[in-house]
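Chemist: Just lifted these from TrEMBL, have a look:
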type	residues	note
DOMAIN	B:140-203	domain 'CBS'
DOMAIN	B:204-262	domain 'CBS'
TRANSMEM	B:286-306	transmembrane segment
TRANSMEM	B:318-339	transmembrane segment
TRANSMEM	B:360-381	transmembrane segment
TRANSMEM	B:387-414	transmembrane segment
TRANSMEM	B:426-448	transmembrane segment
Number of protein chains: 2
Amino acid sequence: MIKVLTEDQMTLQIIKVLKEGKKKEFQAILEELQPYDIARIFEGLPEKHHTRFLLLLDSEQIAELIQEVEKVHQLKILSKLGIEKSGHVMDLMDNDDLASLLEDLSPGKIEELLSGMKQEESKIVQNIMNYPPETAGRIMTNRFVWIPQHYSVRESVEKLKIFAEFSETINYLYVIDNDKKLVGVVSYRDLIINDESEKIQDIMYSRVISVSAYEDQEEVARVIERYDFLAIPVVEKNNELLGIVTVDDIIDVVIKEANEDIEKLSASGKAIDFDTKAHVAAYRRLPWLILLLFIGLVSGTIISGFEETLSKVVALAFFMPMIAGMTGNTGTQSLAVVVRGLITSDTDKGVVTRLIIRELKVGLIIGITCGILISIIAYVWQGNPVLGLVVGSSLVMTLIIGTLAGTIIPLILYKFNIDPAVASGPLITTLNDILSLLIYFGMATMFISKLM
Amino acid sequence: MIKVLTEDQMTLQIIKVLKEGKKKEFQAILEELQPYDIARIFEGLPEKHHTRFLLLLDSEQIAELIQEVEKVHQLKILSKLGIEKSGHVMDLMDNDDLASLLEDLSPGKIEELLSGMKQEESKIVQNIMNYPPETAGRIMTNRFVWIPQHYSVRESVEKLKIFAEFSETINYLYVIDNDKKLVGVVSYRDLIINDESEKIQDIMYSRVISVSAYEDQEEVARVIERYDFLAIPVVEKNNELLGIVTVDDIIDVVIKEANEDIEKLSASGKAIDFDTKAHVAAYRRLPWLILLLFIGLVSGTIISGFEETLSKVVALAFFMPMIAGMTGNTGTQSLAVVVRGLITSDTDKGVVTRLIIRELKVGLIIGITCGILISIIAYVWQGNPVLGLVVGSSLVMTLIIGTLAGTIIPLILYKFNIDPAVASGPLITTLNDILSLLIYFGMATMFISKLM
C-alpha cells in the first residue's frame, strides 16, 4: 500500500537481484509496482543492466514497460529484443502508443520493425499512421469491445470474458449493426444491473456522441471534457466504428496543447525540456531571436529618424523604455486572455464584437489611469509640464492601441485558421514597441519648441 | 446520433414548447440532449423563460443542469427554486460540485442554503469544505460504491444494483475492512469475469494507490496522469477511505492549472475570460502595469545617469530597444522552459545543476551568434567599428545574463516553495531591461572617446 522503499533503494535492490539472476525475486519486486514506476526504475538503471532486465520479463511485461519509457529508451529496447521478440511485443502494445513510437522513424526502419508483427496487427498500426498527426484517428485504440445489437446481456458478458485482457480499462461496450455502423453504447454497469436475457438493443443508449477520425485532437479533448466521458468512439464518414479515444490519452493531449500555447506565447522554442541538449535548444530558440533582432533594428531606425528631436531633448530617452515596455506588456496581457479564451469559448460575431469593445474599454481605463500618473511623475521629476503632457498623452494612446493590437491580431489569425498563439508574446511586444515609439516621438516632435 | 438542429433552432423550438406549456414535448426534446447541451440552451434562453423551464424539470434533472451552468446561473436557479426544492436538488448534486458552488458565498448564505438539505448530505458537504482549497479533499466525491472485503461477487453485484444510480460512472469498487480502512479495489470487469461465489478479498487488487485528502490537486492530477487511472481513492492519515477523485475533475484541474501558469507568465491578471466585465478586467490588470511603470522609471533613471554619454553619441539610443528587447525575450524563453519543465520533472540537485549549465551554454551560443551579427550590422549602418564592437559585446553579455536570470530566478522561487510562475514574463523582462541598459551604457561610457 505505502511504498516503504525509496526509488533509490528499490533500484539498488533490483541491481542486486539482476546480478544474481534471480528471476523469481525480480518478478516479486515488480509485482509490487505500477508500470509507470517500473519504467522510472528501468530508466534510472545503468545501461549495462538493461539487457538482463529485459531478459527477465515476458513479452506482455515488456509491452507495458515500453509504453511508459521515453522514446529514446523505447527504440533501444526494441533493437535489443531483435526482430522476432520485438514484433511480439509490438503486437501487445496499444496501437496508438505504437503509432506514436513509429511516427518519427524512417520508412525503412518502420517497415523493418513492422515485419516482425502479426499481419493483422501491423495493418491496424499502419492504418492509424495514415491519419494526419494530432487527429482522433491518430490517438485512437482498437483495444475495446464491440458487440452486435442483437446480442443478449448474457452473450455480451461471455464475449467480454473472452476479451477481458484485450480491452482497455474503460467501462463501455459499443454496439454495432450488421454494417459495422455504431448504433449504441452500454456500460459494464448496465450489464451488471440488467437481467441476463435482456437484448442489448433494448437496454443500450442509442444517442451516442462520436467523433470523426479526422477531428483535431484538441476538439476531441473539448468534447470529452464537456461531457465528462471516459472514452469516445471514433467513426468513419459513414458512421462505421473504427476505434475509441480514451480519457488518459486526452489528459496527455490537454497538457501537450497547454505547453504548446506557452511555448508559442513565450516563443521559447518547440519542445525544449530539461533533457534537451544545449545546441539543440539554442538552435530552436535562435530563429525567433534573430527575427526579433531585425525587428529591434526597425525600432532603432525609427529613433534615428527622430535623431534631431532626441538630440535637442535628451530627457525624452529616459521615458522610452517605460512607454515601450508598458505597451508591450498590455498587449501580451490581452493576447493571453484571447488565446486561452478561444480554447474554451465558442466564437460567433457577437462574442468577438463584445470582446473587442471590452478590451477597448479596458485600454481606456488602463491608459487614462497610467497616463495621469506618469504625467505627474514626469512633471515633478523633470520640472517641465509640457514634457509631462507629452509623456502622459503618449502613454494613453499607446496603451489603448497596444491592448487592441493584442486582442485583434490573434482574432484575425484565428479567423484565417492560423493558431493565434503564433502571434506570440514577443511579436506583439515588438510590434507595440514600434507603434509606441512612433507615437511618442511624433508627439514630442510636434511640441518640440515648447519642450526645449 | 447526428444533431440535425442547430443550437439556435433548438432554442426556438424550446421557447415555443415552453410558451405552450407542453411538458411531454419539452421532456422529449431534453431526452435527446446531454446535460452539457441542455445547460448551453438554458443559458442562451431569455431570462423570462427560465422559471418555466425549471418548473418542467424534476429535481434530478435540475441537479444535472445546475452542475453544467455558470456559477451566476447556479445561484439564480437555487434562489428561484426556494429553500425546500433547492435543498432537494442540492441533495442530488455531486458533493464536490456543490462545495465549489458554495465556497465563495457568505457564511450566512451557505447556512441558509444548507438548511434545506438532508442533514447527512449537508454534513458531507461541510466536511469537504473544511479541506483547504485546491486539495484532494476539496474535489473528492462520495458518490462511489465501497464494499467490505468479506463480500462475495454476488453480494457485491447486489449492492451495486441498489446503488447504481448513486455511483459516479467509474468502474471500480473500493474494498474496505472493518475499520473502514481501504484494503483493495476491484473493477466492474472483475465482477463480470469472475465466478459469483468468489470472495472479494480473493479477487481484489490490494496494492491500491491512494492520495491524502490534503494532497495538492496538481499532485493528484500528476498521479492520475502517470498511472492512467480513471479515479483515485482519497484517504485519511490512518488510511480510512473518505471519497474518490474522478478523472473528469482532473481534466478540469489540468486546464485550470495551465491557464494559471499562462496568466502568471503573461501577468494577464487572475481569472479574466471573455465574460469578465471591462472594469473588473482593468482592475485585475492594473496592479502589474503600475508596478511595471515604476520599474520602467528605474530604467529611465539609469539612462538619465548616462545623459552625458547619450548626448555625445545620440546613435547609442538607436540600439537601446533592440538590446533591451532581446535580453528580455531570451529571459522569457528560459523562464517558460523552466516553469513547464518543473510540472513534469522531478528536481534534485543534479537536474538543477545540469539545467543551469545547459542554459549557460545556450546563452553562450545565442549571445555569440547574435553579437557577431549585430556588430557587423551596426558597423555597416553607422560606419563606426567601435560602435559595432560596443553594441555586439554588450549583446553577448546581456544575452548570457538574461538567459541565466530567466533560469535561476524561477528555480530559486521554486526552492523556497513559491510558485515559479510569479516571476512572470514581464518581471524577468523588466529586470533584464535594467541589467542590459547598465551593461550597454557602461560599455559605451568606457569607450566614449573612441565612439565620438
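Just so you know, glycine gets a Cβ as well, placed from its N, Cα and C.
Relative to the rest of the structure, where do these features sit?
Modeler: Across the domain 'CBS' (B:204-262), DSSP assigns 27 helix, 16 strand, 16 coil.
Sequence-distant contacts of the transmembrane segment (B:318-339) (same chain, six or more residues past either end, CB-CB distance under 8 Å): 261, 265, 299, 303, 355, 359, 362-363, 366, 370, 374, 378, 382, 391, 394-395, 398-399, 401-407, 409-411, 420-421, 423, 425, 428-433, 435-437, 440.
Remote same-chain residues near the transmembrane segment (B:387-414) are listed as 313, 315-316, 319, 323, 326-328, 330-335, 337-339, 342, 347, 352, 355-356, 359-360, 362-364, 366-368, 370-372, 374-379, 420-423, 428, 431-432, 435-436, 439-440, 443-444, 447, 451 (criterion: CB distance under 8 Å, separation of at least six residues from the stretch ends).
Within the chain carrying the transmembrane segment (B:426-448), a Cβ under 8 angstroms from the stretch's Cβ atoms is held by residues 266-267, 288, 292, 295-296, 298-299, 302-303, 305-306, 309-310, 312-313, 316, 319-320, 323-324, 327-332, 335, 386, 389-391, 393-394, 397-398, 401-402, 405-406, 409, all 6 or more beyond its ends.
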